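Q: Swiss-Prot lists C31-C81, C40-C64, C56-C77 with the feature disulfide bond. Taken from Swiss-Prot, the feature domain 'BPTI/Kunitz inhibitor' covers 31-81, and the record attributes it to sequence analysis. Per Swiss-Prot, signal peptide is recorded for 1-24, and the stated evidence type is sequence analysis.
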Amino acid sequence: MSSGGLLLLLGLLTLWEVLTPVSSKDRPNFCKLPAETGRCNAKIPRFYYNPRQHQCIEFLYGGCGGNANNFKTIKECESTCAA
C-alpha cells in the first residue's frame, strides 16, 4: 500500500474513533447509579444517565451530596454516559 493510502486509512480510523459513541463497556460505572437529589433543598435542574432507558433525563438536584451521575448539561451527560 502506498504512503498516501496508509495516511488515508489512518485518518479514517482516527475519525471513526472520535465519532463512535461511548459503548456500554467503556461507560464509567457511575453512569449506572440512580439519580440522587442530595441532602440540601435547592432545586437545581441537572441530568443523570438512566441505563434502563439508555438516555439522559433531567432531575432536580438539591445542591449538595448526591453522586457522580449528575451533570450540568444534557450534552455533558450524553458525551460521558450515553451510547
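For all residues, glycine too, the Cβ spot is worked out from N, Cα and C.
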Q: For the domain 'BPTI/Kunitz inhibitor' (31-81), what does DSSP give as the number of helix, strand and coil residues?
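A: Tallying H, G and I as helix, E and B as strand, the rest coil: 10 helix, 15 strand, 26 coil.
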Q: Excluding near sequence neighbours, so keeping only residues 6 or more apart in the same chain, what lies with its CB under 8 A of C64 (disulfide bond)?
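A: Sequence-distant Cβ neighbours: G38, R39, C40.
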Q: Hey, which of the disulfide-bonded residues C40, C81 is the loneliest by Cβ count within 10 Å?
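A: Each of the disulfide-bonded residues C40, C81 was scored; lowest Cβ tally within 10 Å is C40.
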Q: I'd like the number of other C-beta atoms within 10 A of the C-beta of C31 (disulfide bond), please.
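A: C31 (disulfide bond): 20 neighbouring Cβ atoms within 10 Å.
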Q: Looking only at C-alpha atoms, tell me how far C77 (disulfide bond) is from C31 (disulfide bond), rounded to the nearest Å.
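A: About 9 Å separate the Cα atoms of these two residues.
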Q: C-alpha of C56 (disulfide bond) to C-alpha of C81 (disulfide bond): distance in Å?
A: 8
Q: Taking the domain 'BPTI/Kunitz inhibitor' (31-81) alone, what is its mean pLDDT?
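A: Computed over the domain 'BPTI/Kunitz inhibitor' (31-81), the mean pLDDT is 97 on the 0 to 100 scale.
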